[in-house]
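Peer 1: What Swiss-Prot shows for this protein is this:
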type: BINDING; residues: LYS20, GLY92, ARG120, GLN165, ARG335, ARG377; note: phosphoenolpyruvate binding site
type: BINDING; residues: LYS20, SER21, ARG25, SER163, SER164, GLN165, SER191, ASP304, LYS331; note: 3-phosphoshikimate binding site
type: ACT_SITE; residues: ASP304; note: active site, proton acceptor
Amino acid sequence: MKLIVSRSQISGCVHAPPSKSHTHRAFLLASLAKGESVVLSPLLGEDTLATLSAVKALGANVCEGDDRITIQGGNLHAPLPKGTVINCKNSGTSIRMLAGIASRLDGTTEFTGDASLCSRPMKPLLDALSELGAGVTSDNGCAPFTITGPVSGGDVHIRGDVSSQFISGLLISAPLGKADTRIHLTTPLTSKPYVDMTISAMKKHGVSVETIEDGYLVRSGQVYSSEDVQVGGDYSSAAFLFAAAALAGEIAVSGLDPADPQGDQVVISILETFGAGVVRDGENVTIRKAALKAADIDLANAPDLFPIIAVLASQAKGTSRLYGAAHLRFKESDRIMSTVLFLRSMGADISETEDGCIVTGPANLSGANVTTFGDHRIMMASAVAGLIADSTTTVDDAGCCAVSYPGFVKDMQKLGADMREE
């Protein structure tokens with residue numbers, strides 16, 4: 001299904017969608033904790049549902065209620081019945097965190113995903129699990145693969161600059177071993193706030209993580225406790241709403257905890273740097289249109305913001321440089337290339353660099369036919385760009401936003417955006 005976007009002004013109020021990152025972690029930790037945990041206001045998007053389906057297959061008892069998921073955990077197991085495969089669909093978070101958990105289970109677990117996921121790098125994590133003693137089979141360092149455990153613990157070495165999800169997968173699974181686990185990072189850690197989010201979630205469930213000189217230490221003998229978790233709003237998804245307002249109106253977004261450890265909360269200070277009107281009042285953020293000025297933005301710790309910040313930069317006076325996001329080339333698409341392609345097709349003065357892009361604005365954007373490559377963040381960023389384009393923009397895959405923000409189009413329509421699916 002395509003999305004047709006026409007030039008629009010937006011205004012109004014909307015509640016931020018639930019956090020995808022927090023929902024993944026809540027489902028996984030609840031499944032590892034003995035007893036009953038309730039996850040309140042979770043995001044039920046395609047990625048998080050892949051995680052929920054996987055923990056059910058591995059033995060968690062899941063009950064879906066009204067805006068809540070109740071999970072009876074503590075009994076995950078392998079091997080699974082013959083022929084059962086954990087299909088993580090398009091979710092890199094699911095497959096990477098679950099692979100770590102599978103290495104601690106007594107048996108073999110088989111993983112796969114869709115074509116996009118099966119092209120994304122897994123080798124650093126698979127090598128790390130092998131170093132810990134897991135049996136690993138994979139043809140090319142990507143999915144599909146099998147993991148055979150259990151591993152006890154020990155020292156493990158892994159790059160920190162490919163995906164923070166690798167580190168989170170090792171951390172979450174570490175308490176399940178009989179020995180301490182020391183994770184040594186062989187390169188600097190990118191997207192560190194996501195690892196901090198994992199550590200914070202583990203702490204809420206009773207497990208502590210220590211920082212060592214080159215990584216992390218998780219001591220054995222710790223047990224996850226069952227806890228009820230309220231999932232807060234998602235700054236990554238709210239960024240698209242913020243940018244739409246900064247370019248085409250004024251809106252208020254509620255449900256965003258200022259104390260939340262999400263790294264993408266930095267989007268608010270980025271908007272201020274560009275000159276957008278920003279007012280914060282507790283969990284409410286109001287953004288209004290203003291004349292934007294160019295800025296240099298380091299996205300090493302908030303790479304998911306890249307596509308929408310590039311859209312903002314295209315409308316800022318002067319030359320902006322977005323950098324520090326080389327690992328975006330291994331997302332659902334090569335997200336740097338995908339962003340540059342759609343903005344250039346709309347008339348932006350933008351060029352690709354190894355770890356980001358250079359954008360000179362403001363550009364008069366024109367409608368175009370946008371290829372998303374099945375990437376939800378490209379879909380939403382291009383839809384926002386379409387709000388200020390001189391003619392109609394056609395986005396080739398309206399449905400891919402269901403990965404992280406299923407209600408995106410409806411929320412934008414509620415705010416007055418001229419968007420329709422056909």
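A Cβ is built for glycine as well, from the same backbone N, Cα and C atoms used for every other residue.
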Peer 1: Around the C-beta of ARG335 (phosphoenolpyruvate binding site), how many further C-beta atoms are within 10 angstroms, looking at every protein chain?
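Peer 2: The Cβ of ARG335 (phosphoenolpyruvate binding site) has 24 Cβ neighbours within 10 Å.
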Peer 1: What's the number of neighbouring CB atoms sitting within 10 A of the CB on LYS20 (phosphoenolpyruvate binding site)?
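Peer 2: Step by step: centre on the Cβ of LYS20 (phosphoenolpyruvate binding site), count other Cβ atoms within 10 Å, giving 26.
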Peer 1: Tell me the Cβ neighbour count for SER164 (3-phosphoshikimate binding site), meaning other Cβ atoms within 10 Å of its Cβ, over all protein chains shown.
Peer 2: 25
Peer 1: DSSP on GLY92 (phosphoenolpyruvate binding site), three-state: which is it?
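Peer 2: Going by the DSSP assignment, GLY92 (phosphoenolpyruvate binding site) falls within a helical segment, counted as helix.
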Peer 1: Can you name the residues of this chain that are 6 or more positions from LYS331 (3-phosphoshikimate binding site) yet have a C-beta less than 8 Å from its C-beta?
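Peer 2: Counting only residues 6 or more apart in sequence, the Cβ neighbours of LYS331 (3-phosphoshikimate binding site) under 8 Å are GLY92, ARG120, PRO303, ASP375, ARG377.
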Peer 1: If you compare CA-to-CA distances from GLN165 (phosphoenolpyruvate binding site) to each of the recorded positions ARG25, SER191, ASP304, which comes out shortest?
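Peer 2: Going through ARG25, SER191, ASP304 one by one, the Cα closest to that of GLN165 (phosphoenolpyruvate binding site) is SER191.
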Peer 1: For the binding-site residues ARG25, ARG120, ARG377, which one has its C-beta crowded by the most other C-beta atoms within 10 angstroms?
Peer 2: ARG377
Peer 1: What's the CA to CA span in angstrom from ARG25 (3-phosphoshikimate binding site) over to ARG335 (phosphoenolpyruvate binding site)?
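Peer 2: Cα to Cα, ARG25 (3-phosphoshikimate binding site) and ARG335 (phosphoenolpyruvate binding site) are separated by 24 Å.
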